[in-house]
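Enquirer: Below is a structure I'd like to ask you about.
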Amino acid sequence: MSAEIETHSDWAEKYRPKTFKDLIGNKKAIHELRLWAEDWEKGFPEKKAVILYGAAGVGKTSTAAVLASEMGWEYVEMNAGDQRTADVIERIAGAASKTTTLFSHETDENGKKSSGKRLIVLDEADNLHGTYDKGGSKAIADVIDKTTQPILLIANDIYGITQTIRSKSLEIEFSRIQTRSMVPALTKICKDEGITADEKAILKIAENAGGDLRSAINDLQAVTVGKTEIKEEDIVVSGRDVKETIFKALVKVFKGHHRTEALDAVKTLDETPEDLIMWVDENLPIQFPNRDEKGKDIAGINPDVANGYKVLSKADLYLGRVRRRQTYRMWRYASFMTTVGPMSVRSKEYSGFIKYTSPTRWKRMGQSRSVRGMRDNIAVKISARHSKSMRTSRNEIIPYYRRLMENEDYAVALAGESDFDMDELVYMLKAKSATKKVQSVYEKSRFIADAKRPAETEFFKTPEAEKRSSAAASDKNQMTLEDMAKKSEEKKAEEAKENKEKEEKTEDKPKNQKSLTDFF
Ligand SMILES: Nc1ncnc2c1ncn2[C@@H]1O[C@H](COP(=O)(O)OP(=O)(O)OP(=O)(O)O)[C@@H](O)[C@H]1O
């Protein structure tokens, strides 16, 4: 895709809040931030840096921009795409944090008086450990110590920021946006865009977004493409159906007697082995409780639980290999162990109804990290492709790609060109897991991705990729073999000629005279 990406068509950007009044939710957090900013106007606050942290799409970046604008401060931003090495941070943020702005105490174009402050914003501050950011954490800590300007860090995961930086900063948490607060915002967008929306449809979009207002806006835009009206049935995602099917499969895994039955039940699920393992993991101690036949608690760990976890840890090893090597064949082994494992280690029958729990706690911990990490990986690929910053790629181009990828041809082309792996494709195709459709797009996209890969990586090609590229280029290869034979003959003749010339020159040269090349 060579055409320049049109970013202005992105509703999440179009409706980015401009004033404090436009910001939805997190009132307490915003109030705290404003107090910190006011302290800067009076002198120095106790902590010269502030960290806004919380889930994606809840308004952290928007709040930072609104703060600068409402305070009349200049907004100086460094994001992960700026290669934040210690050196770069010191040069940009260090300099900015010491000098005052050129237009100190002047009025801006809106007639607002500027206090001459600069808000130095470091986005993705929990992402400073990569190669690009060598020494970045220490540089930031130093900049905070020396700064005469307010510094604002943005992060999803507060634990991804070093303790040294945290101790020098005021930490403000941003919570997920509540469904009931999202509804009026989405309704207003519909009104502004001339779309009639059923209340239930809006509610469903808001519920499905899980507190992420950016994705709610993206979903709203996606579902209204080419429409002037949306109804509840236009919104297809539903968490409940998934739960109902997995509950039935779990009964077979924990209580069944037939391996094939359990395996069949799991096969029909639209869940990745990663999701499945989390379900079994969460429910194993609940399903195999520490009780005897009479319902009395027994001391120690139930051996069935211990043995069950042993099998799950083996399944997890396979999953790790899949992640590292992208060999999806091993999913089969992992699924087999997760499914058949608990049934095989069970030493007795566990009767009675036990409610299954969805792996929310685990999932939330793991997923916020992995979704963020994955989005960042995708953004790295996209920013390299389009020479755009990480921020633009993450916030504007990814949503645009996701909309384009609703069309399968675009999905295959963009996945191949960007070399998305299966997990990344799940995200880009807005699937819940690696469904058959995702796998099919992935397989097709490999032809494009393999063809794009530089020749040196041929060594690391999987046998499958090797087969595909040799099939795609078989005609070309036959020609190349003939060419190669011819070239090799020509090269040999050329080398022989060069050697002969060299020998002649050496004979001409006096014995004590060395040429420059002799020294190397
Ligand atoms: N609290 C909010 N109030 C109004 N709009 C919001 C809010 N949160 C998100 N949005 C919408 O979502 C878009 C993205 O929000 P923003 O970039 O501020 O989120 P973020 O928390 O910084 O996310 P990330 O961690 O992914 O950078 C905004 O342009 C806006 O359209």
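The backbone N, Cα and C atoms fix where each Cβ goes, and this holds for glycine too.
Quick paste from TrEMBL:
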BINDING   G54, A55, A56, G57, V58, G59, K60, T61  ATP binding site
COMPBIAS  471-480  compositional bias 'Polar residues'
COMPBIAS  483-511  compositional bias 'Basic and acidic residues'
DOMAIN    46-187  domain 'AAA+ ATPase'
REGION    461-520  region 'Disordered'
Enquirer: Let me know the model's mean pLDDT on the domain 'AAA+ ATPase' (46-187).
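Expert: Per the prediction, mean pLDDT sits at 78 for the domain 'AAA+ ATPase' (46-187).
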Enquirer: Can you list the residues of the same chain, besides G54, A55, A56, G57, V58, G59, K60, T61, whose Cβ falls within 8 Å of the ATP site's Cβ centroid?
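Expert: Along the chain, the qualifying residues are N156, F174, D212, L213, R214.
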Enquirer: Just checking: which of the binding-site residues A55, V58, G59 have a C-beta under 6 Å from ligand 1?
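Expert: Only V58, G59 qualify.
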Enquirer: Across all chains shown, how many C-beta atoms besides its own are within 10 angstroms of the C-beta of G54 (ATP binding site)?
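Expert: The answer is 22.
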Enquirer: Within 10 Å of the Cβ of K60 (ATP binding site), how many other Cβ atoms can you find? Include all protein chains, please.
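Expert: Neighbour count, Cβ to Cβ under the 10 Å cut-off: 24.
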Enquirer: Using a 10 Å radius around its CB, how many other CB atoms surround V58 (ATP binding site)?
Expert: 24
Enquirer: Give the helix, strand or coil assignment DSSP yields for T61 (ATP binding site).
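Expert: The three-state answer is helix.
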Enquirer: Tell me the coarse DSSP state (helix, strand, coil) of G54 (ATP binding site).
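Expert: Reduced to three states, the DSSP call for G54 (ATP binding site) is strand.
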Enquirer: Within its own chain, what residues at least 6 apart in sequence put their Cβ under 8 Å from the Cβ of G59 (ATP binding site), listed in sequence order?
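Expert: Those within reach of G59 (ATP binding site), by Cβ under 8 Å and sequence separation of 6 or more, are P17, L23, I24, G25, N26, F174, I177, L213.
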Enquirer: So if I draw a 10 Å sphere around the Cβ of A55 (ATP binding site), how many other Cβ atoms end up inside it?
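Expert: Excluding its own Cβ, the number within 10 Å is 20.
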